[in-house]
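S.K.: One structure, as structure tokens, below. Some questions next.
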């Protein structure tokens, strides 16, 4: 239900943009309707549903480590479908960054990697990671014919159709019972991580390779911990600093390599 409400906000924003600024969008080709639906359904709908489902059975720290495999899948898929070259420095950057993420998410949680109580939950989260990687690689290919904004809007709107079978009576009950705080959270999740986040993701993919851009996902735990410190005064440990340094070092290695190639 959270996924449905979140994407409902996204659809309202994108439909409004289409009506108010139609000239800003590339024309949707008939041949791309089905591919866009599949791209949106698998990369957005299935990703969020899988992540939300998996986190019911897998600890937040464990699911975060599993999701951190996205750049690995992106590198593999991009080398196959986009013919992006996998260099030794990219492999080194991935290894450094994922080690940093594991350290960050296991700080103060000695059993964090052993908290996966249900294998099915872990596998569903892993499936979500694969879907996100496929979304990135397929989206990169579509950017040859569509702008970043157009691609994001069409993919989100068409993909959201796949949520219709998941609508249940409990959704309307939960919407009716939601507080102002609840609505604020849903609107925030819809506007910033989804609308702004997905558009900027494709803007970045217009500029650089998919394997390079996906590496920046490793920076998420670093930023989230810093924001948690600012807002909630959560402690920052030396292990976090060490893990964050590995993440940044991995990003530096990959992007230094790509700069030389360019």
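Backbone N, Cα and C define each Cβ position, glycine as well.
Pulled the feature table from TrEMBL, pasting it below:
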DOMAIN    2-106  domain 'EamA'
TRANSMEM  6-21  transmembrane segment
TRANSMEM  33-51  transmembrane segment
TRANSMEM  57-81  transmembrane segment
TRANSMEM  88-106  transmembrane segment
TRANSMEM  118-137  transmembrane segment
DOMAIN    120-255  domain 'EamA'
TRANSMEM  149-168  transmembrane segment
TRANSMEM  180-203  transmembrane segment
TRANSMEM  215-232  transmembrane segment
TRANSMEM  238-254  transmembrane segment
S.K.: Cβ under 8 Å, sequence separation of at least 6 from the ends of the transmembrane segment (149-168): give me the contacting residues as numbers and ranges.
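M.R.: Hits for the transmembrane segment (149-168): 1, 3-4, 7-8, 10-11, 14-15, 17-18, 24-26, 28, 32-33, 36-46, 49, 139, 142-143, 194, 198-199, 201-202.
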S.K.: How do the residues of the domain 'EamA' (120-255) split into helix, strand and coil according to DSSP?
M.R.: 120 helix, 0 strand, 16 coil
S.K.: For the domain 'EamA' (2-106), report the average pLDDT of the model, please.
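M.R.: The predicted confidence over the domain 'EamA' (2-106), as a mean pLDDT, is 88.
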